[in-house]
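Notes to accompany the following structure.
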Amino acid sequence: MYYGFDIGGTKIALGVFDSTRRLQWEKRVPTPHTSYSAFLDAVCELVAEADQRLGVKGSVGIGIPGMPETEDGTLYAANVPAASGKPLRADLSARLDRDVRLDNDANCFALSEAWDDEFTQYPLVMGLILGTGVGGGLVLNGKPITGQSYITGEFGHMRLPVDALTLMGFDFPLRRCGCGQMGCIENYLSGRGFAWLYQHYYDQSLQAPEIIALWEQGDEQAHAHVERYLDLLAVCLGNILTIVDPDLLVIGGGLSNFTAITTQLAERLPRHLLPVARAPRIERARHGDAGGMRGAAFLHLTD
């Protein structure tokens, strides 16, 4: 059995998957914030419960936001302060008496989709998350590409390209990102960015679902906004796809529920790619909230 943990600032979710990659059991508990020992206890207790329920000693994979293992072997995860700065992988491996694998949660999302029965035919899979922020991951031949700093796929921290400014206007405001840089594309393409763009152009403060509802009702202003957003997304993805050239692009996160993104993006991409380039197949993520657990569990399938 393969145990996959999706750990975030509010919850620890465990999913248990069998050899056919089917979910057999899952459980969620709140993420402890009081101490590192309480955090370790929460993870270990879930593993013990799974072992007992299923009568096996399953392998353990963990997806967590941030850098799973820095040069000194410690975790960097600002959203999980109880464990950040601690040697999480080594400590859990010792307590659980088994190999524990860690990776960035966005890489786990991409790995989950790459191992979907429909998608295993594609050698290079790019996962793109359009949620609170913008992130993603790359999977080559069933294995995540992490890079030495675990930042492969941090697409949201690429800067706006020149073509984006041509589209939006050279007086378009470059917003400061939480990473400290100016003009990171997640400030414009995330769910928050989608809403910010609407407020910038129309001086109305609406959340993304409200804007999408107006678009579905045929509102002209919402229609113009969505057209602009899709063009901006295509411009930015054109740069990324020219570098990565994936066979498949899978889009997840809250905005992936907006069908116009997956249905209309393909027709806008070619003008931003090299003439000889082929646009990837574009699909919405298949596994929703279970994707993080699936991908973490499948870290043990990548040998």
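Including glycine, each Cβ sits where the backbone N, Cα and C put it.
Cross-referencing His157, His223 against the Zn(2+) binding annotation in Swiss-Prot, which names Cys177, Cys179, Cys184, picks out His157. The separation of Val139 (ATP binding site) from Cys179 (Zn(2+) binding site), Cα to Cα, is 25 Å. Sitting within 8 Å of the Cβ centre of His157, Cys177, Cys179, Cys184, and not among those site residues for Zn(2+), are the Cβ atoms of Gly156, Gly178, Gly180, Gln181, Glu186, Asn187.
All chains included, 22 other C-beta atoms sit within 10 angstroms of the C-beta of Gly133 (ATP binding site).
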